[in-house]
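Here's the structure we're looking at; comments come further down.
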Amino acid sequence: YPESIDWRDKGAVTPVKNQNPCGSCWAFSTVATVEGINKIRTGKLISLSEQELLDCDRRSHGCKGGYQTGSIQYVADNGGVHTEKEYPYEKKQGKCRAKEKKGTKVQITGYKRVPANDEISLIQGIGNQPVSVLHESKGRAFQLYKGGIFNGPCGYKNDHAVTAIGYGKAQLLDKNSWGPNWGEKGYIKIKRASGKSEGTCGVYKSSYFPIKGYR
């Protein structure tokens with residue numbers, strides 16, 4: 001795996017989006033990973049619909065929170081996810097309108113879990129494609145992050161999904177869904193060496209990525 005990578009440089013990351021005021025980070029994280037692998041496999045970067053997951057993923061709980069696995073599985077089971085343009089974000093859960101929407105969907109075949117609490121496995125995963133990761137984000141330090149390599153203070157009770165889109169020797173590079181005015185233009189650098197197997201803010205505990213074949 002490469003010493004460092006930033007999937008933005010390879011055109012595999014859409015502009016930073018904003019979930020607020022809805023607790024739909026899970027949908028944004030999943031969608032960003034699907035946008036990433038789709039660009040890597042097809043050469044096309046297409047902004048996809050978080051709203052479809054919010055409305056239609058029955059395993060998750062809308063604006064009250066959801067699951068990386070359930071939402072990635074929804075995309076695999078339902079022939080893909082519609083584009084952002086076709087099914088735009090509304091900041092609240094509505095009824096599922098996926099069947100009424102037209103246009104092509106972006107498909108995946110399934111997902112894989114990165115072994116928990118294993119830094120190198122996660123780095124290898126991110127070397128191949130953007131990966132959905134969880135953080136503890138409720139602390140003031142995380143909320144007010146402005147830049148640099150973040151190493152807390154934070155605990156390990158994961159409550160927020162983001163998308164790891166790169167890394168360097170000292171840090172992971174994560175895309176958040178709190179708009180471009182938060183952090184470093186919407187991104188956060190998380191310290192890699194935390195001295196704990198869970199990683200800084202629990203970032204190594206629960207990571208998933210979608211699988212998409214070449215067609």
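Quick reminder: no glycine exception, Cβ is built from N, Cα and C everywhere.
Counting every protein chain shown, 20 other Cβ atoms lie within 10 Å of the Cβ of Cys22 (disulfide bond). Residues or ranges marked as disulfide bond in Swiss-Prot: Cys22-Cys63 (among others).
If you take the C-beta of Cys25 (active site) and look for same-chain residues 6 or more apart in sequence within under 8 angstroms, you find Gln19, Gly65, His160, Ala161, Val162, Ser177. Here Swiss-Prot flags Cys25 (among others) as active site.
Cys96 (disulfide bond) falls outside any helix or strand according to DSSP and counts as coil. Annotation source Swiss-Prot lists disulfide bond at Cys56-Cys96 (among others), citing similarity to another entry.
Taken from Swiss-Prot, the feature disulfide bond covers Cys154-Cys201 (among others). Annotation note: Cys154 (disulfide bond) sits in a coil segment as assigned by DSSP. Listed in sequence order, His135, Glu136, Ser137, Gly139, Ala141, Phe142, Thr200, Cys201, Gly202 are the same-chain residues six or more apart from Cys154 (disulfide bond) with CB atoms under 8 A from its CB.
The active site annotation in Swiss-Prot covers His160 (among others) and rests on sequence analysis.
In the three-state DSSP reading, Asn176 (active site) counts as coil. For Asn176 (active site), other Cβ atoms within 10 Å of its Cβ number 27. What Swiss-Prot records for Asn176 (among others) is active site, and it gives sequence analysis as the kind of evidence.
Straight-line distance linking the Cα atoms of Cys96 (disulfide bond) and Cys22 (disulfide bond), rounded to a whole number, equals 17 Å. Ranking the disulfide-bonded residues Cys63, Cys96, Cys201 by the number of CB atoms within 10 A of their own CB puts Cys201 at the top.
Spatially, by CA atoms, the disulfide-bonded residues Cys22, Cys56, Cys63 include one closest to Asn176 (active site), and that is Cys22. Under DSSP, Cys22 (disulfide bond) is assigned to coil, being neither helix nor strand in the three-state scheme. In this structure the C-alpha atoms belonging to Cys22 (disulfide bond) and Cys56 (disulfide bond) are separated by 15 Å. Residue density at His160 (active site): 21 other Cβ atoms are found within 10 A of its Cβ, drawing on all protein chains shown.
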